[in-house]
Amino acid sequence: MELNRRTVIAGAAAAGIAATTLGGTAQAAPGHKPVREPFGRLADGTKVYRWSLENGGTRMKVLSYGGVVQRLEVPDRHGRYANVSLGFGDIGDYVAGSPYFGALIGRYGNRIGKGRFTLDGTSYQLSVNDGENSLHGGAQGFDKRVWDVEPFTRGADVGLHLHRTSLDGEMGYPGTLRTRVTYTLTRRGEWRIDYEATTDRATVVNLTSHVYWNLAGEGSGTIEDHELTIAAARYTPTDAGLIPTGELAGVAGTPFDFRRAKPVGRDLRAGHEQQVPAKGYDHNWVLDKGVTARPEHVATLRDPRSGRTLRIATDQPGLQFYSGNFLDGTLTGTGGRTYRQGDALCLETQHFPDSPNQAGFPSTVLRPGQTYRSTTLHTFGA
Ligand code: GLA
């Protein structure tokens, strides 16, 4: 049966998909190739660019600096757009001190105790930048580096390949790490991240993305009324420096139980001993599904006011849920409003913190000849 051309176009438009006609049949137009514009310079003169992507109803702006997602806009239940990711309007603010807003994190997401680990009998000392520990790759992690960016369209998908070679010894890590991160906006408006890395010496790798979500819109206030679900019966308790103790503790009967949708604020002030050093939630959840060959759904975030939802799928074994505890009213964001404690939350798909020092945790070792791969899919709804 031949489809009525007008019906198809109307349907595509209703679904937020641009429609074109080719030889009398209507098709979803492939997304447009990402567009580049200047976004200032670093102190050494390096130019920073901002790329704009749009597909399937999702709009996104990405910086060559840190692979930062500077804006991410999705509609609410009435079709009204808001920027749901915290960030800055100016490159100077990112350089002056961003708490990883929207950034790519490497070589190692979250903390490595005392910035030290031993691999194949050799001890390595990493850059220490969080008390006595190494956080998010050290003082000059992937979030503070300029990436080579290459736009693409593939069928109805659009995206960016971000490349960076981290030299042997950078921030104390062994091995030259060749990294490629691909951001794809699918024709359904999903944001997919594919991480890939290879090394020429045995090393450890744990890449993630540090978007701060506020589904009501950045700068609109607290996320305590957002409802969160995490498919995890256990989490990794930490010491006072937020380094996992090695224990996998049950969430049942604790504030860490998000197996059923729960407002983030409900147990945020429960006074559980694990919430004290973290000033709230800043923990790794042990995803029930474990390491999987393909991304599986692990978490849902919902803002009841706007109706916006975010579903996260990953192949990784862990999810760091950070409730924006260290936002303290000293930073002014993209929309000109101040960010205060709990004004956003992060859901970082990853291997567990401090895995290089924890024999019981899934391994983060990467050897020559192997390819590190990790995929995270963000699906938006309203
Ligand atoms: C991660 C860490 C937190 C904090 C934030 C950024 O989520 O676990 O402790 O460092 O990044 O401030």
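Quick reminder: no glycine exception, Cβ is built from N, Cα and C everywhere.
Unlike curated entries, TrEMBL annotations are predicted automatically.
Feature annotations, courtesy of TrEMBL:
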SIGNAL    1-28  signal peptide
BINDING   N110, R111, H210, V211, Y212, D282  beta-D-galactose binding site
ACT_SITE  H210  active site, proton donor
ACT_SITE  E348  active site, proton acceptor
Distance-selected binding-site residues near ligand 1 (C-beta under 6 Å), from R111, V211, Y212, D282: D282
Inter-residue Cα distance where the pair is E348 (active site, proton acceptor) and Y212 (beta-D-galactose binding site), in Å: 10
Given a separation of at least six residues and a C-beta threshold under 8 Å, show me what packs close to V211 (beta-D-galactose binding site) in the same chain. V69, L72, S85, L86, G102, C346
I need the most crowded of these binding-site residues: R111, H210. Count other C-beta atoms within 10 angstroms of each C-beta and give me the top one. H210
Cα-to-Cα gap, R111 (beta-D-galactose binding site) vs E348 (active site, proton acceptor), nearest whole Å: 13
Give the maximum pairwise CA distance in Å, whole number, for the residues N110, R111, H210, V211, Y212, D282 listed as binding beta-D-galactose. 18
Distance check, please: Cα of N110 (beta-D-galactose binding site) against Cα of E348 (active site, proton acceptor), rounded to an integer number of angstrom. 9
Within a 10 Å radius of its Cβ, which of these recorded positions (Y212, D282, E348) has the fewest neighbouring Cβ atoms? D282
With DSSP assignments reduced to helix, strand and coil, which class does R111 (beta-D-galactose binding site) get? strand
